[in-house]
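Trainee: Mind having a look at this structure? Questions to follow.
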């Protein structure tokens, strides 16, 4: 098959694969940590995280309420029940060789506080009454360690805030984003920002990753109905098969060209979001994707290892975050194999990494 041959040729260039996340079979606790939200200003929120256990823990900050990047930490609904648009970043982090600085150490019964301004990542200019809550799963290492040994789910209290819209509008957005009109969706294929490509190697790598993303997504769309056991492993419920298949088809189409479409893909970081450990990130409110330096230096083009990260599936992951590809766009509900496969069907079908991991599994034969 031509697609398999092309992908095999690309994977032959791969460096050793990168794996992660919560190792298979590690315990997931429902009550190990507690998260309480409180308002400390017009749009300022404080999260107080408490270790309920009797041993010290190292909590990984990535994709949690403690993330220092302008990520979605809380869901926000207006008084009429409508979700407020998120204007921050959705990063993909490197999952191997985690550094101590990526963790927060919490002694038994100890607490740590993390404050953030929700106006930096949400349009709250209308003002009024809003309801906030946070939920997620924190990977955990033992005291002074960086090897993930477990995870803790958290569900915060509901926080009700009355926000002054004018004051909220005066807060600078994390990426200086201003409102734009809707993008044309006549041709749904990505466009590479050539000016962001500092050298031919970056452009070549991104072009190859998009091609592989298109091929992997096409294979995965077919596998949804042809490999139902694998589908159920990642997405749990047959009623979502059409939704999953449609998203893979949309990603395949979006990845199939580099000269025009609903998303803009940047070879490099032109918005300043590439903090340490970030491979790539998406601004879903703008339908833009940005690669970081370690996307090129630390990832193989295409991995032959199960549950591993590579350039192709990272690009596929990022494209699912864009509403121009398919709405509603995917969130980061569960990152890595163990967390992704622990999600409910409703969460999995809207989880970016579930699609990347499924594509990897179909290609590798996991």
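Heads up, the Cβ atoms here are built off N, Cα and C, so glycines get one too.
Pulled the feature table from Swiss-Prot, pasting it below:
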type     : residues      : note
ACT_SITE : 318           : active site
BINDING  : 317, 321, 332 : Zn(2+) binding site
DISULFID : 197-267       : disulfide bond
DISULFID : 274-292       : disulfide bond
DISULFID : 306-366       : disulfide bond
SIGNAL   : 1-19          : signal peptide
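Help me understand the surroundings of these features in the structure.
Mentor: Over all protein chains present, the Cβ of residue 318 (active site) has 31 other Cβ atoms lying within 10 Å. When secondary structure is read from DSSP and collapsed to three states, residue 318 (active site) falls in the helix class.
In the shown protein chains, 29 other C-beta atoms lie within 10 A of the C-beta of residue 317 (Zn(2+) binding site).
Secondary structure at residue 267 (disulfide bond), as computed by DSSP, is coil. Non-local contacts of residue 267 (disulfide bond) by the CB criterion (under 8 A, 6+ apart in sequence, same chain) comprise 192, 193, 196, 197, 198, 202, 203, 206, 291.
Note on residue 292 (disulfide bond): other Cβ atoms within 10 Å of its Cβ, all shown chains, come to 22.
Other C-beta atoms found within 10 angstroms of the C-beta of residue 366 (disulfide bond) number 15, with every protein chain shown included.
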Trainee: Could you work out which of the disulfide-bonded residues (197, 274, 306) has its C-beta surrounded by the smallest number of other C-beta atoms within 10 A?
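Mentor: Selected from the disulfide-bonded residues 197, 274, 306 on minimum Cβ neighbours within 10 Å: 306.
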Trainee: Cβ within 8 Å of the Zn(2+) site centroid (317, 321, 332 excluded): which residues?
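Mentor: Counting only non-site residues, the set is 90, 92, 282, 318, 320, 330, 331, 351, 352, 353, 356.
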Trainee: Cβ distance under 8 Å to residue 321 (Zn(2+) binding site), same chain, sequence separation 6 or more: which residues?
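Mentor: Correct list: 90, 282, 284, 289, 329, 330, 352.
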Trainee: Consider the recorded positions 306, 318, 332 and say which one has the Cα lying nearest the Cα of residue 292 (disulfide bond).
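Mentor: Minimum Cα distance from residue 292 (disulfide bond) across 306, 318, 332 lands on 318.
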